[in-house]
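Okay, so here's the structure we're looking at.
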Amino acid sequence: MFFKLENSTIAFGGLVANKNVTAEVEKGQIVGLIGPNGAGKSTMFKSISGFNKIDSGTIRFKDRDITKLGPVEVCRAGIACTFQKAQSFAGMTLEESVLVGAYLRRKRKKDALPFAHEMIRFVGLEGKEQVKIPRLNMFERKKAELAAALATEPEMLLLDELFAGLVPTEVEMMLELVKKVNGELGIALFIVEHVLRVIMSLCEKVYVLEYGEIIASGSPQVISSDERVIKAYLGEDYDVADDQ
Amino acid sequence: MGVSAYINIILNGICVGGMYGLMSSAFTFQVGSLRMVNFTYGACIMLSMYLTFFFIRMVNAPVILAALGVIVINFAIGWLMRKTLLKRIDEGMNILTTMGLQLVIMNLVLFFFTSYPRDLAVFEKRIYFTPKISVGIIQLACFVMAGVILVSFQLFLNKTWTGRAIRAVVQNRDVAGLMGINSERTLDLAFSLSFILIGVAGMMLMTMFTVEPNFGDYITLIGFVICITAGLNNLTGAFITGVLVGVLSALISGVLGTAYHDPMLFGLFVVVLLVRPYGLFNKRKNAVRNI
Amino acid sequence: MRQSKYKIDKRVILYLLLLAAALLFPMAANRRVLNIAIITLMYVTLGESWNLLSGMSGLFSIAHALFFGLGVYGMTITTNRLGMGLFAGVVMGLVVNTLMALLVGVIASKLSGLYFTMALIGLHQTVYSLSIQLIDLTGGSMGISMPREYLFSKTQQYYMVLTLAVASMLFYVFIRRSRIGTNFVALKENPDLARALGSNIGNWRILATVFSALMASLAGSFYALYLMSNNTEVFNASISLKIIMVVIVGGMGYVWGPVLGSSMIVLDELVRGMMPSRFAPFSVVIYAGVLIIMALLKPAGIISFFQRDEKKTPAKKERATT
């Protein structure tokens, strides 16, 4: 088993954010996670990446129990993540912020710097290495965050609404980039997304979360024809064909 | 030293601890709830003590007027600080600027009142429980008043519209704004109100201590110790810890000698920091923060 | 490309000229001016130390005199009480400071921001009161003096502290450009993102505290040689304030910040010579006032006047409030 989250439950005070959530990702697979706002998607991602400690359940990654690990160890184990609200190091140049990630597995600057440049080139931001992060636009910042995450050389990447806030042409370019991440680097992707088109065109498997519970899972076609999902999430009169 | 001596020390410690608790809850409210770092509060308490002395001994004002004066001045200081130093909520800068203001206040007091220690020199009647065990009437009254003030402050926060507005703003500024609460003004008010607690604590402390300009530093430290030991943003915890620290500090000074006071008290504080960094009364939060 | 290369050359020449001027300075200066220069350079060193901890790593140390004072006491106690040499004194300061910094750093690795500051103040007060009360060791409020044989001439002292200041600046630049500095800045700018990228912020915080404490310790060891004694004043809050002021006025997070900010120390020393002692409290009022005004109006420091190409970028904090 490559990655498996099993029976994860997490509560904040009285609010149960995740209840017996189980999800699996195979090596090199792209898996999607959808659900209405407040369904507990980000909470689930944060428990995987180690920012939240789950109350019960297990997380296994490459035959290793990573349930109790913090974010640093999880990242070292090979799971990187990007955040829902684009996070950045405001005082840094693009090059340096990607270096932070690159330093995880390369202790010396002369090894880390070329690799950081490679990742910057990979996401298509070459020529902007010395630009301060706040001067990049939203699209570039998201790519910068992606580059930093890639620089940690993950085997699985959690993308929390990477496409949110992008205009359609940018979504298209990001889509290509994400496909390239999966295809060329062979990184498994676990994606939370609101832009359904992205989920439908990318994922092999989709989980649907509602009120903290998985209510359906399967291929995009199965999901988009599931009665419960359509009622709960897509609305009464949703037609898949319209969205595509 | 007999048992009665110990009991006297403890009683005295409880009364002083009540004052500590009162001023620490003001600090813990400002820093923990309002997220406004205010390192001037020791200096403000010291200033309130001097003002009390000034009004009562130098102007010969009646106690009620003196109290009113101190409270009004503190309220004004709080409001001005909020409008200038704490306008932008940036923890680092707020630490620096308020620390700067603290030194300004301290040195201005040093200039105007000189470093000569001042004392109200009130003659205090004592209540005798047994011939040997007694407690000062003013001390006891202060302790009771501190408790009453804190309870009413809590009631104010929980029961009145303004209090609820404050709590709403503290929890989520944006949403409170949507609900029609002027969050800026509410925060101004909350911060200034907490300064009343500081003023009152200063006045009460003046009846028990002699004051010098660097007394504020000591108060700041005690306040830190109490707030961190209790865990930030826990008003009741701060009061209880205040009493504990008062008793502890009275016992250390009374039994072992004042030379042991600072090293032992602050050493203990370091131990608390290492063992229970989230405070005695706060639960460890889930690690996720501002993402 | 050519233009930028030309620019770098100009800079190097500027640095060399500055260094030459600093090296030749004692020849043109009298004793009083030299004294001021020594104190100023010492504050440059202390400023770099504070800059490393607060400007680079974002841990606000408002009781930095703690590390400085430990350096002074390490030196005097080792030479006077233990009868060992200067080198041992320096090492003693470094060792004690490392231990103290480890303690502070461990606290900082669990907690940050305000808690760190408050913990540091608590430790500072503990050490300060110990320095008064352990009379046999520290000499109490009277202090103890250094053995006479360690009295250096002002010119020698000047070169010592110049070396220290230049070394601390080089160290700052070296750290900033290395893996360590990248991680320091990362944990300052956004600890959560840093952790998500596998940067162990707890350990980096400890390391930052240790580095900073070591730099302050060296400055302290030097100050013991300058004073030829110790006294409890070295733990004073006004020293912490001056250190912070030097950096804030100059520009936080820049290696030249403390150098520019140290002009405040020159000003202070000049004014102090002329002012009647009754007005001494006012000098602190003025520093604090300058600090407040700079922090409110020009948080980027004097250095921002020199940065023409980097137009004032309002460093927007991309922090959610939820």
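Any Cβ shown, glycine's included, is placed from N, Cα and C.
Copied over from TrEMBL:
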TRANSMEM  B:6-29  transmembrane segment
TRANSMEM  B:36-56  transmembrane segment
TRANSMEM  B:62-81  transmembrane segment
TRANSMEM  B:93-113  transmembrane segment
TRANSMEM  B:133-157  transmembrane segment
TRANSMEM  B:189-209  transmembrane segment
TRANSMEM  B:215-232  transmembrane segment
TRANSMEM  B:239-258  transmembrane segment
TRANSMEM  B:264-281  transmembrane segment
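Ranked by the number of CB pairs under 8 Å to the transmembrane segment (B:6-29), the listed stretches B:62-81, B:93-113, B:189-209 are led by B:189-209.
Outside the transmembrane segment (B:93-113), and at least 6 residues removed from its termini, the chain residues within Cβ reach (under 8 Å) are 36-40, 42-44, 46-47, 50, 54, 81, 85-86, 213-214, 216-217, 220. Counted as Cβ pairs under 8 Å, contacts with the transmembrane segment (B:36-56) are highest for B:189-209 among B:62-81, B:189-209, B:239-258, B:264-281. The stretch in B:62-81, B:239-258, B:264-281 that contributes the largest number of Cβ pairs under 8 Å to the transmembrane segment (B:215-232) is B:264-281.
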